[in-house]
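Chemist: Next up is a structure, given as structure tokens.
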């Protein structure tokens, strides 16, 4: 009995002698937990601040997410419609270079309304895959090929389109002359396929870059349409050379036969516009679209626009499917992009990534979107 008491007393005294060690361990554990929580809060704060910063800088980007549009460009078509009544009497529409699908969304909501209509037919064409939309038939094809035009007419059951829109643009290189030239060729390709699918009296809307040679494009468009207007929506940034041509009342020349093999515009861009005469000298009016009370795309707005509604960050409505920059993202994630100090690292990394094949990247993309 005395031995047991002695052992218990000895154990008790040992425990009693080391409270500082226990407190030290507890403090270290608590300090570690606080550090982890603080680092996560800082990381989330930085991420949210970056996200909300974009919402603050770009009001139309924020509104697009709130209203369920796939991209802010939806407001450009909406504002063009406010000015020109593009959707009036339209039952067959084509969206060229449609991905990610914001203009197709506008067509679907405006033409089909809240319910479904069997008379309304909408076709979206793009080289890239696009997430499906209600009431929109998708064609993953090339707008420079006659087979694409034939497939559009087939979906329309032999009828022609009332409206053709194109918001396509090339990947910007930063070389303005090159970008303007490529955009002009893209516009002419869209016009070429439009002559195959648009009915007489129909309308055509397309993006342009207002470069020094844009008057040549205007002259080409005036050959096929009685009215051509250069429009700048409020949602299009003033700092951008982007604008839109609204071509109304399709009236091709009597002897013109649509042909995909011949370009509509000569590659010589050195023609002096002042030397042009007659119908080739066309002055196209410039029109700003959108009410003056609409949001300014170049202005920064506070996050709390409505005092009765608290601001909340929203993710994009629809992420892209198999974007063309997927390979670049893969290289950047694995630190294989070029740098000035070691350019050979980029070459070796790119070759090794290519040797792995695109299946790995495709599988990751598929898993992320499924």
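Backbone N, Cα and C define each Cβ position, glycine as well.
Just so you know, TrEMBL annotations are computer predictions that nobody has curated.
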Chemist: Record says 101, 103, 126, 167 bind S-adenosyl-L-methionine. Source is TrEMBL. Which of 58, 142, 213 does it list for that same site?
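Modeler: TrEMBL lists 101, 103, 126, 167 binding S-adenosyl-L-methionine, and from 58, 142, 213 it also lists 142.
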Chemist: Does DSSP put residue 126 (S-adenosyl-L-methionine binding site) in a helix, in a strand, or in coil?
Modeler: strand
Chemist: Have a look at the binding-site residues (126, 142, 167) and report the one with the fewest Cβ neighbours inside 10 Å.
Modeler: 142
